[in-house]
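Database features (Swiss-Prot):
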type	residues	note
TRANSMEM	17-37	transmembrane segment
TRANSMEM	44-64	transmembrane segment
TRANSMEM	68-88	transmembrane segment
TRANSMEM	98-118	transmembrane segment
TRANSMEM	143-163	transmembrane segment
TRANSMEM	229-249	transmembrane segment
TRANSMEM	262-279	transmembrane segment
TRANSMEM	291-311	transmembrane segment
Amino acid sequence: MIFSTLEHILTHISFSVVSIVISIHLITLFVNQIVGFYDSSKKGMIITFLCITGLLITRWFFSGHLPFSDLYESLIFLSWGFSIFYMVPRFKKQKNDLSTIIAPSVIFTQGFATSGLLTEMHQSVILVPALQSHWLMMHVSMMILGYAALLCGSLLSVAILVITFQELIPILGKSKRLSFLYESFDYAEIKYINMNERNNVLRKTSFSSYRNYYRYQFIQQLDRWGYRIISLGFIFLTIGILSGAVWANEAWGSYWNWDPKETWAFITWTIFAIYLHSRKNKKLEGLNSSIVASIGFLIIWICYFGVNLLGIGLHNYGSFTSN
């Protein structure tokens with residue numbers, strides 16, 4: 001009872017604090033920097049991270065097994081991963097806009113996890129025999145961290161596409177801090193060049209104003225961080241798939257069975273392998289790689305929620321239909 005109450009308190013504190021953090025980010029989009037706002041959002045996300053960490057540890061001790069057994073626990077762990085990738089740019093003293101793009105992921109996953117749809121999963125249950133393996137921690141943690149990193153990196157690529165095609169919500173045009181995003185800009189000419197070539201390109205590129213230059217710098221920053229985060233997520237995903245294959249051979253006698261989860265995991269891996277390859281090819285880099293990563297954003301959600309929504313295949317543990 002004590003553990004259940006503590007878990008309930010930590011869940012609602014983390015959700016409330018991250019809601020405040022999102023509000024702070026939205027306010028800073030429309031007004032000039034207010035003293036203390038950025039520090040408040042950073043401290044707020046640290047509190048959220050600590051609350052989610054405490055929630056996972058509490059559930060671990062209360063259930064007697066790692067909190068990776070169902071959709072609810074995996075969503076909590078996913079939001080924990082999002083909060084980590086949110087804080088990395090902040091501690092690197094990067095612009096606040098990167099964290100603003102990533103921050104909604106935390107509240108969406110945390111909100112869905114605590115919603116009434118997953119009420120039956122909130123109570124800890126005995127781990128099913130198929131999941132009672134030492135591979136559980138390696139496989140599931142690597143897969144979810146991979147999902148979190150790839151989703152964050154893909155979000156930055158989506159932001160690049162939105163800025164490039166100038167499809168932002170018109171009301172944001174009133175923001176002094178974001179107005180530079182709406183100036184004319186020949187993005188195709190830049191194509192994410194490296195530092196050695198940047199000066200040459202800048203000399204032949206016509207910027208109508210300093211705001212145009214800031215827009216270019218912002219796109220470069222999004223691309224640089226997106227590539228780093230996706231590269232890290234790809235490593236996590238690869239380790240997760242390989243460890244899952246070994247576990248599958250021990251549990252089912254086959255390394256690969258092509259059930260829905262495995263198939264979509266392979267599709268996800270392929271999409272981001274194409275993305276990383278396109279980054280090495282100057283003919284495909286730039287806008288093309290951002291499009292590939294944006295497609296990967298949708299593919300990950302299909303891979304993550306697909307089996308849980310359908311409740312089919314060998315990976316249907318903790319799905320909606322199984323409850």
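Including glycine, each Cβ sits where the backbone N, Cα and C put it.
Of the recorded ranges 68-88, 98-118, 229-249, 291-311, the transmembrane segment (143-163) has the largest number of C-beta contacts under 8 angstroms with 229-249.
By the Cβ criterion (under 8 Å, sequence separation of 6 or more), the transmembrane segment (229-249) is not in contact with the transmembrane segment (98-118), since fewer than 3 such pairs are found.
Distant neighbours of the transmembrane segment (291-311): 71, 78, 147, 150-151, 153-155, 157-158, 161, 226, 230, 260-261, 264-265, 267-268, 271-272, 274-275, 278, 318-322; these residues of the same chain sit at least 6 beyond its ends, with a Cβ under 8 Å from one of its Cβ atoms. Only pairs six or more apart in sequence are counted, and the transmembrane segment (98-118) with the transmembrane segment (262-279) gives fewer than three Cβ pairs under 8 Å, not enough to call it a contact.
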